[in-house]
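Novice: Structure provided below as structure tokens; questions to follow.
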Amino acid sequence: MTQVTVKELAQVVDTPVERLLQQMREAGLPHTSAEQVVTDNEKHALLAHLKSSHGAKVDEPRKITLQRKTTTKLKVAGSKTISVEVRKKKTFVKRTPDEIEAEKQRELEAQRAAEEAARLKSEEEARQQAEEEARRKAQAELEARAGSPVVAPAPVQEAPVEAVAPVEERKKEEPRRAEKSRSDDDERRERKQAQQRPAAKAKAPLSRAVRSGDDDADSFRRGGRGKSKLKKRNAHGFQSPSGPIVREVAIGETITVADLAQQMSVKAAEVIKFMFKLGTPVTINQVLDQETAQLIAEELGHKVKLVSDNALEEQLAEMLKYEGEAITRAPVVTVMGHVDHGKTSLLDYIRRAKVATGEAGGITQHIGAYHVETERGMVTFLDTPGHAAFTAMRARGAKATDIVILVVAADDGVMPQTQEAVQHAKAAGVPIVVAVNKIDKPEANPDNIKNGLAALDVIPEDWGGDTPFVPVSAKMGTGVDELLEAVLLQAELLELTATPSAPGRGVVVESRLDKGRGPVATVLVQEGTLRQGDMALVGSTYGRIRAMLDENGKSIKEAGPSIPVEILGLDGTPEAGDELSVLSDEKKAREVALFRQGKFREVKLARAHAGKLENIFESMGQEEKKTLNIVLKTDVRGTLEALQGSLSGLGNDEVQVRVIGGGVGGITESDANLALASNAVLFGFNVRADAGARRIVEQEGLDLRYYNVIYDIIEDVKKALTGMLGSDVRENILGVAEVRDVFRSPKFGAVAGCMVLEGMVHRNRPIRVLREDVVIFEGELESLRRFKDDVAEVRAGMECGIGVKSYNDVKVGDKIEVFEKVEVARSL
Ligand code: GDP
């Protein structure tokens, strides 16, 4: 144990004795004079005290310098000795964490700079090589042309002497990006680094972009400011002599992860990984919005071309523009009316009497449209009686009909489908010519028809209105000429014209797949002239027209405006209402057809939104007065009239309500089509939609609502008008059973033997009894049995016995609907 005095210790630690004594006192040591002895333990105590009392305050020695002195003796010639003293000094610096971090950063930066420089160098080499190549080629070409060697012009840009050149060159190449993304400081630093480390080894930067998530995520968040720097680093993943492969990525309003990856020629997993690093997990089929997709593509070093989704269609519309002399064309007519009022008879009569069928065999087939010549001119009939066809076509955006012939049987009167026909024609803005049919019948009462139709605002000409009423007999042919004349008169008022010299355009009336001939489409030519051999784009199908047949099945070479033809040669069956255009360019036709095929799904999805009561106004422009169209079906006339009145009165200066279709009875396919064509919502008051209507509602995403309280309808519409449609109670139909038989039981009264058609019938849920889709009773079940057992529920496809509480008038064919009420939040 070594012992020293305070004085000695003071000397060792290089502190004045007084100060040391003071510190020792503070440490609780007894020393008071310089001569006192300090033991080892006391030294430790002092040290501990100093440490704790000063802590961070005293600058801890951050630097320790070790000095070492070695002396060696050299013997030289003779006995002479020389002392050699070697002094070594080594300094250790204790660094703060910040400094350590900074050091790491420096290292990282150095590494990056090295990579950058190497990449720039390789790019430069590639560029030079390419230039050299081009020069050689040019020279060769020149030589070939001149027949002797020519001195190639020097390249405009000399190969760089120092590594700084490539940076500037890149800047020239992409001035926009460079300006946007690089501060001057960045630029300078990078240049310096490039100068300092011209030949470091580059790593694969593409994968690094994915790996170095934080860094890249940061630049991503900055909204692309760091893009070019990243781009530079990520431009290519290996030392390729051909330079970076920068692809042009076309991004529409949306793009799936898979499509985006494919366009960039990377695996979808790369994109997913990249997005994951940015904190957004995506799936391969996920649809990215344009902005996100653009950022990804640019981050990964590709060029982005933003395309409007409709660019192709716009291009097409541009291509189809044609100027030429317009001449009058024949009107196209659709025949509508209530069932059994004589539509088919009328069409058949006209066809028989008027269509030139001189050829052997006469009418060989039925093509869904035909034209007739009269003294006054030509009329074309769309031979698809019924509103469904008419409105289905209109729903697809095609207007094929110029005039509607409304057939009303004079011995009957205005019937539900007559009413519907009027609604459809009015909704389409197509003038009506009324054929008062069956006037040969003794009980015919044409005035009754006039009264009935006037009530629907179809006012006869002789009453001061604008609708011609022509008495006819489809059976005898009486009045048919007058009818056609009336049609042609209306047509004159419409001033229908077309340009026969233009390339053909038209609309599909119907199509089918013929076993021998492939897809066959009946097309009504609307503009220009359609010729055999034309390249036709029809909806999402296309093909060269191999053959063209007229309505008699006769082969023809060309067809002008308002002429219906059958065409062969398409690659698929288009849909009724699809448009036909003739294109000179097969490639374009294929491109658009494919584009439309892809688009179809999205349109359907988008449409599912458009027809909803909640957002029906969103799809409308700002200028027009906003209109809520409603198709309303009720159980009784009184309710219909009451509702029509109150709903129409709900509008104000900015919004209006129009009941464009209404009637008594279940919701039919025709109602659904009308709603679809007019962007209307469907309301059923105590009535239900039939299977056909439900199919359209589901397919097209229409808004169909059932009500049983007038107040509820009015409230919902009011809320829709103010955009306040919040959560509402909607009914869910859980199951439907059809009554197949009715038994009388002394215990339960009438018991209905039922087959469950849809869903599940529950014992304890409210029910309604429907007859022909009209609600006739609402209540609850008395009993639900399978064979002799009481059960809680019966599922579709099973039979059961249902007793309805306090209701005994169940009939075979009735439907029993089980429902529940659920609160549905407003969905957008
Ligand atoms: P659609 O259901 O509207 O196509 O009606 P149809 O053309 O099938 O005609 C229904 C029934 O009415 C048929 O039995 C026809 O023979 C008959 N019918 C059609 N037009 C006339 C007519 O002008 N006079 C008479 N007496 N019967 C007619």
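Note: Cβ is positioned from N, Cα and C throughout, glycine not excepted.
For reference, TrEMBL lists these features for the protein:
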BINDING   337-344, 383-387, 437-440  GTP binding site
COMPBIAS  108-144  compositional bias 'Basic and acidic residues'
COMPBIAS  145-166  compositional bias 'Low complexity'
COMPBIAS  167-193  compositional bias 'Basic and acidic residues'
COMPBIAS  195-205  compositional bias 'Low complexity'
COMPBIAS  211-221  compositional bias 'Basic and acidic residues'
COMPBIAS  222-235  compositional bias 'Basic residues'
DOMAIN    328-497  domain 'Tr-type G'
REGION    108-243  region 'Disordered'
REGION    331-479  region 'G-domain'
Novice: What is the total of other Cβ atoms whose distance to the Cβ of LYS343 (GTP binding site) is within 10 Å?
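Specialist: For LYS343 (GTP binding site), the 10 Å Cβ neighbour count is 25.
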Novice: Find, for the listed binding-site residues GLY337, ILE439, the residue with the lowest Cβ contact count at a 10 Å cut-off, counting only other Cβ atoms.
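Specialist: Among the binding-site residues GLY337, ILE439, the sparsest Cβ neighbourhood within 10 Å belongs to ILE439.
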Novice: Measuring Cβ to any atom of ligand 1 with a strict under-6 Å cutoff, which of the binding-site residues ASP340, LYS343, ILE439 qualify?
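Specialist: Only ASP340, LYS343 meet the Cβ criterion.
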Novice: With DSSP as the yardstick, break the region 'G-domain' (331-479) down into helix, strand and coil residue counts.
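Specialist: Looking at the region 'G-domain' (331-479) with DSSP, the answer is 46 helix, 36 strand, 67 coil.
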Novice: For the domain 'Tr-type G' (328-497), would you mind checking the mean pLDDT of the predicted model?
Specialist: 85
Novice: Is it possible to get the count of other C-beta atoms within 10 angstroms of the C-beta of ASP340 (GTP binding site)?
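Specialist: Summing over all protein chains shown, ASP340 (GTP binding site) has 14 other Cβ atoms within 10 Å.
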